[in-house]
4 protein chains.
Amino acid sequence: MPECLAFRVPTRHPADVSGVMELIAGGAVAADEIVAIFGKTEGNGCVNDFTRQLAVMALETALAGAMGCTPASVGARVALVMSGGTEGGLSPHLLVLARRDGPDAPGGTALAVGTAFTADFPPEAIGRMAQVRATAAAVADAMARAGIDDAADVHFVQVKCPLLTSARIHEAADRGQPVATHDTYASMGLSRGASALGIALALGEVAEADLSDAAIGARRDLYSGRASASAGIELMRNEVIVLGNAPGWSGPLAIAHRVMRDGIDFFAIQGALADLGFPGSGQLAPEASGRIVALLAKAEPSHDGLIRGRRHIMNDDSDINATRHARALVGGVAAAAIGRTDLFVSGGAEHQGPDGGGPVAIIARVRD
Amino acid sequence: MPECLAFRVPTRHPADVSGVMELIAGGAVAADEIVAIFGKTEGNGCVNDFTRQLAVMALETALAGAMGCTPASVGARVALVMSGGTEGGLSPHLLVLARRDGPDAPGGTALAVGTAFTADFPPEAIGRMAQVRATAAAVADAMARAGIDDAADVHFVQVKCPLLTSARIHEAADRGQPVATHDTYASMGLSRGASALGIALALGEVAEADLSDAAIGARRDLYSGRASASAGIELMRNEVIVLGNAPGWSGPLAIAHRVMRDGIDFFAIQGALADLGFPGSGQLAPEASGRIVALLAKAEPSHDGLIRGRRHIMNDDSDINATRHARALVGGVAAAAIGRTDLFVSGGAEHQGPDGGGPVAIIARVRD
Amino acid sequence: MPECLAFRVPTRHPADVSGVMELIAGGAVAADEIVAIFGKTEGNGCVNDFTRQLAVMALETALAGAMGCTPASVGARVALVMSGGTEGGLSPHLLVLARRDGPDAPGGTALAVGTAFTADFPPEAIGRMAQVRATAAAVADAMARAGIDDAADVHFVQVKCPLLTSARIHEAADRGQPVATHDTYASMGLSRGASALGIALALGEVAEADLSDAAIGARRDLYSGRASASAGIELMRNEVIVLGNAPGWSGPLAIAHRVMRDGIDFFAIQGALADLGFPGSGQLAPEASGRIVALLAKAEPSHDGLIRGRRHIMNDDSDINATRHARALVGGVAAAAIGRTDLFVSGGAEHQGPDGGGPVAIIARVRD
Amino acid sequence: MPECLAFRVPTRHPADVSGVMELIAGGAVAADEIVAIFGKTEGNGCVNDFTRQLAVMALETALAGAMGCTPASVGARVALVMSGGTEGGLSPHLLVLARRDGPDAPGGTALAVGTAFTADFPPEAIGRMAQVRATAAAVADAMARAGIDDAADVHFVQVKCPLLTSARIHEAADRGQPVATHDTYASMGLSRGASALGIALALGEVAEADLSDAAIGARRDLYSGRASASAGIELMRNEVIVLGNAPGWSGPLAIAHRVMRDGIDFFAIQGALADLGFPGSGQLAPEASGRIVALLAKAEPSHDGLIRGRRHIMNDDSDINATRHARALVGGVAAAAIGRTDLFVSGGAEHQGPDGGGPVAIIARVRD
C-alpha cells in the first residue's frame, strides 16, 4: 500500500540542496522514493529568472550522486518544479514529495501523488492547442499512476511549462514556424494558460468544444479550479504532478482545496482548512500551523484593475511586474491564515481560477 | 463641542483631487474644517518617489481655490501626509480628517485630532537629536490642540518628515555642516527614526536619557507603539497629526491600536478590532468592513532576515527595495482581516514598533 | 523676421522651474515668446511615470504667473513635451524653444519652429489610423506656422502623445468601444507608432496606401527618419513641434539630423555634427561642446535581440523595461560624441527610424 | 616560451558553456591551458544576482569533464570571474584566458597572465585590512607567475571577491565577530574597495601608511588605476588575475590601459587604442574592431551626483541600482569607440580609479 510523503525544507539560496540531502542522509526518505520537488526560489519569477535553472541544476547534481545516475537522468525521473518569486514575506523553500510502498492498511483515504511528462515542445507549440492536448493526456497518465479514477478526487495539479525566449522565437522563425507571441514575457502567460486549460480538459472542468488557440489567454471564463502552472526557461516540455486523496494510500496526510475568488479571499483558505478539520477563526495557533505541510496557491492581478471595486496598481506598474505584486498580496493573505511564510504561492494564474483569483490547496497532517 | 470627521476617497492617479473636491462641493465637509489629509500614492515610496510631491501640489492648488488662499498657505494650514507605495494589492486613496465644531453632547469620548508643525530643518538636523526634540515638542502641541491630556489616550501619531538628497547634502557641506548620512535612501530611515523617537519621548515610551544621535537608527529596543513616520522629498519640516479618543469630542468614530510584533501578526489587528467591538474571527463581513474608516499601519523588514524563524529575502533584494516588500506583506495581512485594500500601510518603521513589526491603528464607526 | 531661440536649463527635480523663470526674469526670453518646452524628467519613462505630469503642472503654474493667464491656458499656448527617463548618465533638463520677431536680415536660413495640436482623442483612437491622420494634419499646420514649404527642410518633429490606462480602457469599454490594446505599457508603443507614421505621412516618407490599423506597430519597414514621439499619461491629444532650417528666419542657430541605424551608430552623430561644421573625430572639445544647444535622439531595442550580431538582453529583462536600457545605451553613445550628458534621448522609437535605431538631430550655434 | 591566448565567446544564457566547449573540441585551446575565464552575465550585478553562481556551476561541471577532475577542483585551478550586469547594450559573453608553452621566439614582449588565490575569508575580514593585505600578497604571487618583475608592466588586475549576506553576518555574529557593515549591498562595495586597495598596495600606487579599515570606502583619493574588482555571492576568497605585457611571452596579443576620469571619458579609450596602434578618430572600422579581443572597464557613479558639472540621477534612483546605471553609461561610451557591445564593463569601482571614473584596459591583436 503506497504512502505519499511530503517534506518542507528551507533553503539558504537557490542552489542550497542541503536540506534535501539531510532528509536522505537521515533516512527520512530514500532518493529513489522522491517523485517531485516543488521549490520557491528568490528570483523575479519572470523571463530572466535564472534562479529556477540554478536550483534545478543543483538538485540534479546532488540527487545524481544519491541515485547513482547522471544529472540528466534525474530530471527524467523526478519532476522538479521551481517557481520563482518570494515577494513580500514569502520564504524560499523546497517541498519534497515521495512515494513509499508499505504494508496494507485498512480502509480510508490519504494523500496520493502521480506524475507524468509530455515530450519536448517546439517553440511554436507553446501557448497553443498542441500544448493543451498534450497536457490533458499527461494529467490522465498522472492520475492513473496515482490510482485516482474520479476527477473529483484530484485537489491540485501542478504543471511546470516552458516559455519563449528571443533565441527560441528565432529558431522557430528560421524553420518558417511563427510562434504564438513575440513578447517573451507574454509567452509565459500563454504557456501557463494552455497548460491550465489542459488540466481543466482532463478534469472535465471545460468542454473541448470551447477550446481553441484563440481562447488561450482570452476566454477568462474558462478555467480550472485545481490547476497551477509555472513557466520556466529551463525546460521545453510540460511536467505534471497530480495530488489528491485516494483510497489505497496510507499515511497521516490529506489535501483539500478551494478557489479564491480574488486575491484577498481569506474565506477560501479558511474553507480548505475547515475541510481538513482545522478551526476556522483567525490565524492558526502554532500547534495547528505546525501540522500544515504545504499551502499551494496561485496569484494573479485582476484584469479590471480592481479588487472588490477598489483600484490596484499592479497592471500599471512598469517597475515591478504585476505577477510580483500579486504573489506578495496572496502570500500576505495566506500567511495571515496559516501563521507562517514558507508557502508555495506562484504567479500567473491564467485559466487557473477566476480572473484575479486562483486555486488554493492545503496539505496537512490530519492524523498521527 | 468638536467632532473629528474622517472621509476615505479613492484616487485615480496621484494628482486626482476630484474625490476631495466632491466632498466639499456636496457639503460633507467645509474646506476650512480640514486639518489633515493622509494619502497613499502609487510611487515607490523611496528617494525618487515624486508622486507624493505631485499629490501635494494638486491638493494645494485645488484647496487654495476652495479656501480662498494661495496654494502655499494651504500647506501651512493643512497637514498633507503623502505616503508612497501601494505594493501588492494596496489601493491608492486619500484620508481626509476634519474638525467641526458643534453643539455640546453629553458624556462619552470620540475620535479627536490635533496637528502641529516644526520649523524647517537644515539638512544637518535630519536624523539627529534636533529633529527628535522638535518633534516631541510638536506632539505636545498637537495633543493640546486635540484636548488630550493623558498620553494613554493617544492611539496614533503620524509624522511627515524630510529626507536628504544629493543637492541638500551638498548645500550643507558648502556651509561646513556634515549630514547624518551621505546615502540618500538611508536618510529616509534616519529621518523617520528620529521622528518616531520624538513621538516616543512625548508619549513617555522612552526615557530622554536613552536618546542620542548614535541611538537613532541603532537602538531597536527603543520605539513608540503609536508612531508612524513617512519621509518625503517635498518638505523640510516635520508635520505632526495626533489621533486619539478624547472626552469633549462628539461623533460616531473611535480609534484603537495594537502593536504588530511581526509582519504577519494577524492577532494584533484582531485585537484592535475587538477593542472597537468587532467580532474577532476571520475576515470582517461586508457590513462590518464598511464601518472601517481607516487602517493605519507601519511595515518594515526584520533585520535578522527572518519572520518567525523563516528566511525572507527583503534585505537581500537589489531589484525591489525592502520597504516595498514589507508594505506588500502587511497590506496583504491587513486586507485579510478587513476585507478591503484601501489601507494606509506605510513603510520604514524605524523605532515605530519592534524590529520587523509596527503599530496598527483602526478608525471605525462604532455608533450611528 | 522671426528668430527661433533655444535655451537649455538644468533641473534639480521634476518640478524645478527656477531655470526657466530666471530666463524670463533676466530678460533672455519673454514668457509670451515661448512656443515649446522639451524636458527630460527622471521618472521611468513608462506607464506609471508621474514625473512628466509633475513637471507639466509646475511649468503651467509658473508660466501662468508670467503670462498673466490661467495654468490651463498655458498648456493651450505652449507645447510642453516631457519625456521621462534619464537612465545611465543622462541629465534632467529643460529645452526652451521660443519665437521672437525682429528686424529683417538679409538672405540665409536659420533654425525655425512651428507648433500645432490635435483635438483630444477618445481612448479608442489611440494607436489607430485616426491618430495617424490627425497627426499628419497637425504636422502640416505646424510646418505652415514655421514657414517651411518643403518637407526636406524639416529636420525633427517632436510629438507628445497620450497612452491608455486601465481607467481609460474601461471608460471606452463602458461606451462599447474596444481599444487597440488592453496592455497599458503596449499602448505607449502604439500611440508613439501612430504618431510617427502621421509624421512620416506628412513628410512624404511613407505612402498613405501602406498605412492601416494593422500596420501600426507591425510594419517596421515603414518609418520616419525625423520623427520623435513620447507618450505621457498627462494628456489626451497630440502636441506637434516641427523644427527645421528655413529662409526668412534669423539668429545663430541651425539644425541637422541623421538616422542612427542601430543604438551604437556613432557615425550618424558625427555626420550630423559635420553638417553643422563640427570636426568629426572623437569627442567634441569643450568649446565646441558648449556650442551644442541640444541633441535630440530616439532609442529603442532591436526586435531581433541583437546589435551588430551580438545579443542584448533588453527584451528579456523583467526588472528593467527595454526602453530604459535603450535610453541608457544611446545616451552613452551620444555623450561620447558630444562630451556632455544633458541630451534629449527619449525611448520608444516605433516607426521612428529603422528597427533598433532612430533619428538623431542636433541644434548648434553655428554663427555668432 | 609561453603565450597568453584570449578567446571571446558569446553566451545564450548564463549557463551556456557551449562556446567554451567548442573551443576545446575544435582544438583552439586545451582545457588544461585555461587559467581564467571572465564572464559578463545578465543578472543585476548586485546582492541577489545568482547568474554568476549559475555560470560558475555550469563552467565547473563542463570543464570537469574536459579536465578529468571534479567540478570543485576546477575552481581551484581556473579563476572564474563572473561579473553580473549587462545593462544598456552590453552583450553577455565569456573571455577565456589560457597559457600555452611553446618554442622560444626572439625579443619583444606580448600579453602575459598570472593568477593567484587567497585563502577563504571569514565574513568579518571582508572590507577590512585583512582583505587588503591578503590581496596584495596574491597580486605579488600572480605577477611572479606571469614573469612580470616591474609593476609598470602590469596593465590590469582583476579580482573576484566575496560579499556579505544576512546568513554570513549572522554566522559571524554568532561567533561574536562584528562585520564591517550590516547592509549586504554596501558590503559589495567594501569588499571591492579593500581588494582594489590591495592591488594599489602591490603595484605601489598607494602607501601602506595611508591604509586602514577606516580608509576603505572613504578615502576616494586612494586608488589603483589598473584594478578591477567584482563581488559575488558564490565565493569567500579573492581570486586574482594579473594581465600585462612581458618579455619572454610570445603571440600576437598586447594590452594597454588608461584611467577614465569620468564615465564619458572617450579620450581615455582612444588613448589606450592609440597605445596599441589603432587610429584615434571616432569609432573603429569593422576590421579594426575585429582585432579588439577585449575591453575591460570599471564603471561607477560619481559621489557628487555630477558628470562634468551636470546632474545624474544614479544615486537617487530607488528602482535601479546606481551601479546598473553606471555600467549602462560606460558600456555605451565604450561601444561608441569600439563598435561592438561584447565588452567587459563591471560596476562598483571603489578605489578603482578616481571618483566617478575607472580603469579601462584593451587587449588587441597587434601582429599576425
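Using the three backbone atoms N, Cα and C, a Cβ is placed for every residue, glycine included.
No curator has checked TrEMBL annotations; they are predicted automatically.
Cross-referencing D:Glu287, D:Glu300 with the Mg(2+) binding residues that TrEMBL gives (D:Ala349, D:Gln352, D:Gly353, D:Pro354, D:Gly357) picks out D:Glu300.
Same-site candidate for substrate binding, as annotated by TrEMBL with D:Arg52, D:Ser83, D:Gly84, D:Ser230, D:Ala231, D:Arg327, D:Ser346, D:Gly347, chosen from D:Arg12, D:Arg192, D:Arg261, D:Arg291: D:Arg192. Counting only same-chain residues six or more apart in sequence, the Cβ atoms lying under 8 angstroms from the Cβ of D:Gly353 (Mg(2+) binding site) belong to D:Tyr223, D:Ser224, D:Gly225, D:Val259, D:Met260, D:Lys298, D:Glu300, D:Pro359.
Each residue contributes its Cα atom, and for D:Arg52 (substrate binding site) and D:Ser230 (active site, nucleophile) these two points are 11 Å apart. Each residue of the region 'RU A' (D:1-103) gets a DSSP state, and the totals for helix, strand and coil are 35 helix, 32 strand, 36 coil. In space, D:Ser230 is the closest of the recorded positions D:Ser230, D:Thr323, D:Pro354, D:Gly357 to D:Gly84 (substrate binding site), judged by Cα positions. Other residues of the chain with a Cβ within 8 Å of the Cβ centroid of D:Glu300, D:Ala349, D:Gln352, D:Gly353, D:Pro354, D:Gly357, the Mg(2+) site, are D:Tyr223, D:Val259, D:Met260, D:Lys298, D:Ala299, D:Glu350, D:Asp355, D:Gly356, D:Gly358, D:Pro359.
D:Gln352 (Mg(2+) binding site) sits 11 Å from D:Ser230 (active site, nucleophile), taking the CA atoms of both as reference points.
D:Ala349 (Mg(2+) binding site) has a Cβ environment of 31 other Cβ atoms inside 10 Å. Counted within 10 Å of its Cβ, the other Cβ atoms near D:Gln352 (Mg(2+) binding site) come to 31, all protein chains included.
Using DSSP to sort the residues of the region 'RU C' (D:253-368) gives these counts of helix, strand and coil: 35 helix, 33 strand, 48 coil. Nearest neighbour of D:Gly347 (substrate binding site) by Cα distance, taken over the recorded positions D:Lys160, D:Ser230, D:Gly357: D:Ser230. Least packed by the Cβ count within 10 Å, out of the binding-site residues D:Gly347, D:Pro354, D:Gly357, is D:Pro354.
Taking every pair among D:Arg52, D:Ser83, D:Gly84, D:Arg192, D:Ser230, D:Ala231, D:Arg327, D:Ser346, D:Gly347, the residues listed as contacting substrate, the largest Cα to Cα separation comes to 16 Å. Of all Cβ atoms in the shown protein chains, 27 besides its own fall within 10 Å of the Cβ of D:Arg52 (substrate binding site).
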